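Take a look at the structure below.
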Amino acid sequence: MNNFLQQINSYIKEAFNAGKYLYNGLSVTFDHLRRRPVTVQYPYEKLIPSERYRGRIHYEFDKCIACEVCVRVCPINLPVVDWVMNKETKKKELRNYSIDFGVCIFCGNCVEYCPTNCLSMTEEYELATFDRHNLNFDNVALGRLPTNVTTDPSVKPLRELAYLPKGVMDPHEIPASDTRVGKLPEEVYDWMRPEPNENKDKVSNQIN
């Protein structure tokens, strides 16, 4: 009799624990169902990078003075600066400039320390290729203007992961029913800019 009662007691405990574990697992599942997904339908949808995004480096050949500061501050000595000394002017003449993005870590040191601002970080991140040698950009490829997601009519730009509402740190925290997930900087400026009538009222109040 005691063994039978012990078996029933253990069975009830196991059933209770199983129900508790099932409830914990389903609670996590239903919690994620109420959240907004963070996946995008690439390449038909693309994220808008943030303002300080470190993408492909843009290079302006005419501004470069071949000082090689970018080479010295680069952690891996990546930029290749090909120059010759002009004996008449006693100045450097730049022949070629190249960066291998297959090795670049996009730290931005070359952009930060460039004395002539001939280097800049762009928002371009689509550098995939079938041949790694195609990632070695010369001064012509580096001088190409970057592509902009917001001006491409073939894709739908998404701002969810770049510009979140105030106080939100994780895109998962945005409810699925919320259609306004964030604002671009120019939209924030337009929203904060007072109406013309408000300015007139303020001026009239100050005069009175």
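Cβ from N, Cα, C; glycine included.
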Among Cys67, Cys74 - the residue Swiss-Prot places in the same [4Fe-4S] cluster 2 site as Cys104, Cys107, Cys110: Cys74
Of the binding-site residues listed as Cys74, Cys104, Cys107, the one whose CA lies nearest the CA of Cys114 ([4Fe-4S] cluster 1 binding site): Cys74
Cβ-Cβ neighbours of Cys104 ([4Fe-4S] cluster 2 binding site) (radius 10 Å): 19
Other CB atoms, at most 10 A from the CB of Cys110 ([4Fe-4S] cluster 2 binding site): 23
